[in-house]
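Over in TrEMBL, the protein carries these features:
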TRANSMEM  267-289  transmembrane segment
TRANSMEM  301-321  transmembrane segment
TRANSMEM  378-396  transmembrane segment
TRANSMEM  408-431  transmembrane segment
TRANSMEM  494-513  transmembrane segment
TRANSMEM  539-561  transmembrane segment
REGION    628-674  region 'Disordered'
COMPBIAS  630-639  compositional bias 'Basic and acidic residues'
COMPBIAS  656-674  compositional bias 'Polar residues'
Amino acid sequence: RLLRSSEAHSLQLTDSFAKEFLRYAYALVCTKTRLITNTEADEFRLFLFSNLFRMLYEENSEERGFICDVLRQKHGELYTRCYVPDSDERLQRFKVRCNSRVPFINFLHVFQRFSVPCSSLDHFISTSPLAISSIGRALAADTAFMNYLSGQLVINVKSDSELPSLVLKTRLLLQHFSLAAVKLYGQMDAINVCLARFQEDHAIIEGFGNSTEPESGDNSTDTSEFGLVGNISLNSCCDGNQVICDMAANGITEGFKELSDEAWHGIYIEGGLLCLVLLMTIFLTFLLIKTSHHLSTATVLFVFNIIFSNVLFLSSFMFLYSDLINDQTYGRVSDDYNEKSANLIVAETLQTHLFGSDQFRRHLVQETLFSLAQNGSLIGLIHLLLLVLVVISRSMTGKSTHLARRSVVAVFAFVWMFLIISHIIFSMMQISAIRNLDELFTVLSTGTARQVACKGNETDPNPVLSDYDAIASLCDKTAVFHALGAYLLRGHTLFTVIFLSVSILIFGSTVFYHHHMKKQNAILQAGLRDNYPHRRREMLFHTLLLSIATFFLSVLGQTYIELAVVWEEDKERVAQLSRWYHVARIAAFIDPVLNPLIVVLRTPLLRKQVVTQISSYANELRSKMGHQWESVRRSRDSSSRGAARKKSRTARSLSVSRMPTSEAEQSSEMSVSLRNNKPVTRLARSLSRVSINTRLINAIV
């Protein structure tokens, strides 16, 4: 099995050591040593292999104890540096297991170490003379051999260390949880379809074989005409992930189907809300362009703050849902899936995916845009609230309320620039920090030791680095997140919490100060009620308060979950909270959807512009409909007139038909004779002209 795997991984392994070990082991067990010890060299090799044999299979072997002591020391050091809990209990169990009847060290480890041509047992003896007197001490000091024993340690660090679980407590994982559920169930569903097809094809082949009677004694069945042989196999269904294939084959998919359905429902709802946000943003931009010259500076900045925040909000979701376009799968499922819920399995598939070198930059852009959209909207509103409060305070104290337009715009721009630059700097710090996590996840996910490789000849091996030192170094670099509260991984959450806390304090202080100021200036306030600029500023102030309250309501559930996962220690509980984050994110659409409506309904000029635009479109629509109705009416009138003429002609013909026969005949004969008698007609025309000329002459005279 090892030789086959070595061929698959292009490793240089030979079976000469295994054959020689089997030869000397047979001689030792069967007491046939005299058959193979013809020379002193044979006796020396028998001595070496007997030491290896006792080290592997002797109960409570002293030589194996040397290796176990070094392993226990390395495990204890790494458990501490990698934040693995209950390290003392683990080390005690390891000590018992390492030197038990079923030893931790087995022949496969020795075979891997001494089956490389350039690092054979002879080469090991020549470079480590200590192996002659104590094979256990020599192997304990050998880096390559100890690397082959690091598999169990890697599994423990991967499954129980608190460092990989840091990823479970980030907003990145919370946002991508629903997408991971869709991706994972999509893999399972594809495997189920593939397995069903495989079973159908297999049933067809078996049915054909049973229904076909061989003409000769040959019982083989040729099914090549079906095109099914080699068309599909069970291994091809697994797509390189045997664990997911086992889960699908065992029917462990109900929980994942439920998660996938919930995720799709949330995605459809968010898609509709995103279209609504886009329409509201376009409409608000149109209104701002139409009325910008007639609005105050604070109102223009208020509207611009909403538009810019909504644009960032829409952009963040474009990056988020880009994963649905590609067919790339997320991380692998761990082998211990039977001990975990569907929520935790979905969350753990994101650990290696989110922080991979090829994925993290795109996810970081999405996270930065989302954080900027929310924090920028809040900080911009708070800044404008303070600005309007200052103007109101100055107006009540009799001071000038005029503030330089450039100064107001400069302060507003400075606030946004501070937010953008701080988020970019923090994101750059995250990029450098995530590389350490990515390397740690790579080592823990592969779990393969550094193999001994030859430089190109069969006598000189490449130097081998210690797996223990590599894992310890990565744990040290990653531990700073755990020691300092994972400030880099949860940075955007901390940004939101800090800005939210400060904004709540400013919001409460502003409301209290405004109420106190109104009570102190009650008499002046009564005189200012009829002052239009003062009423306009008061209206803007209350609109800002309403907008900020809407923002607080929209991020309440989202912020609660982000803080809850930071303090939660149970992984299952963290995964359960991640499942409900999608619902909280849908509630966050309250701010980008309602804020444009609030500012339009509460601003007289914008409201008037909306009424004007609606009236204009209504009049235009009414005009178009009027023209269409007029054309329809004319066509109806013309058709009715034509029908009337037709009806009159029909009536005349009927009246003629009702005359007595003689009169009718006379009338018809007279009309016909007049039409046919052309001289008579010309005479009548001449007489009429003569009479007209006579009357004209008489009138002149």
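Backbone N, Cα and C atoms are what each Cβ position is placed from, and that goes for glycine too.
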Number of helical, extended and coil residues in the compositional bias 'Basic and acidic residues' (630-639), per DSSP: 10 helix, 0 strand, 0 coil
Tertiary contacts of the transmembrane segment (267-289) (same chain, 6+ residues out, Cβ under 8 Å): 178, 182, 295, 300, 303-304, 306-307, 310-311, 313-314, 317, 321, 324, 585-586, 589, 592-593, 596-597, 599-600, 606, 609-610
For the transmembrane segment (539-561), distant same-chain residues with Cβ under 8 A (at least six beyond the ends): 174, 296, 298-299, 302, 306, 374, 377-378, 381-382, 384-385, 388-389, 392, 496-497, 500, 503-504, 507, 511, 514, 577-578, 580-581, 583-585, 587-591, 594-595, 598-599, 602-604
